[in-house]
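**Student:** I have a structure I would like to understand better, so I am pasting it below and will then ask my questions one at a time.
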Amino acid sequence: MDDIFTQCREGNAVAVRLWLDNTENDLNQGDDHGFSPLHWACREGRSAVVEMLIMRGARINVMNRGDDTPLHLAASHGHRDIVQKLLQYKADINAVNEHGNVPLHYACFWGQDQVAEDLVANGALVSICNKYGEMPVDKAKAPLRELLRERAEKMGQNLNRIPYKDTFWKGTTRTRPRNGTLNKHSGIDFKQLNFLTKLNENHSGELWKGRWQGNDIVVKVLKVRDWSTRKSRDFNEECPRLRIFSHPNVLPVLGACQSPPAPHPTLITHWMPYGSLYNVLHEGTNFVVDQSQAVKFALDMARGMAFLHTLEPLIPRHALNSRSVMIDEDMTARISMADVKFSFQCPGRMYAPAWVAPEALQKKPEDTNIRSADMWSFAVLLWELVTREVPFADLSNMEIGMRVALEGLRPTIPPGISPHVCKLMKICMNEDPAKRPKFDMIVPILEKMQDK
């Protein structure tokens with residue numbers, strides 16, 4: 001079978017769908033020139049493939065090596081339907097490439113008149129200069145130039161030149177496609193790992209920042225008492241299910257080192273510069289989580305969980321809380337598979353009871369509806385996002401577990417929060433597990449809240 005980039009270029013929708021259905025495939029990977037599958041589908045005008053990639057979570061504003069976004073390519077080649085689709089999904093209309101050109105520069109230069117009109121109607125700036133001091137309208141033929149100026153003026157644009165700023169990108173991050181080779185390795189040679197800084201140590205092991213094959217990674221070294229052949233076999237059998245590359249809101253385990261030869265069983269995952277949602281909310285990272293960012297994080301988590309809940313069988317021993325949600329460089333929340341517990345790791349122990357549903361604290365896992373219990377955990381995350389507080393911060397884990405399970409201890413919803421969020425939280429935290437919604441039911445609710 002040809003590679004995914006060829007399938008997207010040629011518009012082979014059936015092959016693309018089959019490829020996307022394999023959880024080990026990463027739809028945001030790039031080829032040698034940094035083109036993602038979405039770049040190729042947009043360049044070649046493959047509408048059905050573009051739609052499919054976007055619905056599966058392709059990053060809209062991803063940049064190739066020349067800093068072109070999919071919108072630059074669709075505008076250059078005059079694919080009006082795709083330009084409109086990208087704009088519908090919030091593509092950055094004034095994204096700047098390495099030459100300082102925005103998509104409108106290319107639509108004007110290549111004489112894509114209708115596309116140029118659509119871009120201006122959606123807020124593309126007609127007088128933004130590239131590195132060479134040229135505005136998009138300088139690239140257009142006379143009739144189009146006049147038309148675009150007139151349209152822009154009607155929309156309230158100032159037609160004075162906007163000089164090129166080299167500092168345009170300061171304070172934002174450029175979204176690059178991921179290295180497409182990382183999902184090809186499942187067994188990793190421990191000797192190839194370069195351990196740089198210890199990030200954390202707790203009951204379950206050590207967390208390190210490291211390098212592997214030129215990539216920043218996180219290395220999780222598991223502490224396991226009495227390592228045996230049986231535990232080694234379980235580790236080998238359970239690891240492959242954690243390599244989920246096919247959803248943008250799930251952070252896969254890249255690979256593992258078996259012990260022996262490694263001194264301890266070890267997991268490798270992508271480095272996330274902002275750390276976990278817990279770090280972002282409670283440990284003073286450099287950006288503010290306002291209401292709209294909180295809703296976006298909630299939507300990311302709901303989409304990731306909705307996907308995980310489609311897997312049969314479900315991934316066991318996965319605990320949803322703010323320490324097991326990682327924040328990517330483009331502010332995307334991702335459910336971490338490296339935080340899933342293995343069958344040999346302290347069965348029956350709860351290390352974050354504040355996020356655990358009361359029935360899951362009272363019953364054995366096999367007697368609990370895991371999907372409903374996850375929805376309770378999500379409700380606590382919603383509470384955490386709107387209050388910026390750690391749930392039950394003044395109590396020990398043992399007290400929290402006992403009081404949530406036996407005394408009806410619950411997070412109190414403070415006054416003054418959005419009535420929509422408040423209502424959603426109450427629905428998700430229904431005392432009757434059977435009455436809690438499914439994640440695929442709350443995704444559209446969060447999407448509406450985001451649009452508002």
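Backbone N, Cα and C define each Cβ position, glycine as well.
Since the structure is predicted, the reported quantities are computational estimates derived from the model, not experimental observations.
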**Student:** Given Swiss-Prot annotates Asn200, Asn202, His203, Ser204, His270, Met272, Asn279 as ATP-binding, which of Lys139, Lys141, Lys341 belongs to that site as well?
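**Tutor:** That ATP site, as Swiss-Prot gives it, pairs Asn200, Asn202, His203, Ser204, His270, Met272, Asn279 with Lys341.
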**Student:** Swiss-Prot tags one of 21-29, 363-371 as motif 'Nuclear localization signal' - which one?
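**Tutor:** It is 363-371 that Swiss-Prot describes as motif 'Nuclear localization signal'.
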**Student:** Under Swiss-Prot, the annotation region 'PH-like' belongs to which of these stretches: 180-212, 213-245?
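**Tutor:** Residues 180-212 are the ones Swiss-Prot records as region 'PH-like'.
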**Student:** Please work out the number of neighbouring Cβ atoms within 10 Å of the Cβ of Asp339 (Mg(2+) binding site), leaving out its own Cβ.
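**Tutor:** That number is 24.
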**Student:** What parts of the chain pack near the repeat 'ANK 3' (64-96), using Cβ distances under 8 Å and only residues at least 6 beyond its ends?
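**Tutor:** For the repeat 'ANK 3' (64-96), the far contacts come to 30, 33-36, 38-39, 41-45, 47, 50-51, 54, 102-104, 106-107, 110, 112, 114-116, 118-119, 122-125, 128, 130, 168-169, 174, 177.
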**Student:** Since the record lists Asn200, Ser204 as binding-site residues, which of them has the fewest other Cβ atoms within 10 Å of its Cβ?
**Tutor:** Asn200
**Student:** Taking the residues Asn200, Asn202, His203, Ser204, His270, Met272, Asn279, Lys341, which the record names as binding ATP, find the longest CA to CA distance and state it in Å to the nearest whole number.
**Tutor:** 22
**Student:** Using DSSP, would you call Asp339 (Mg(2+) binding site) helix, strand or coil?
**Tutor:** helix
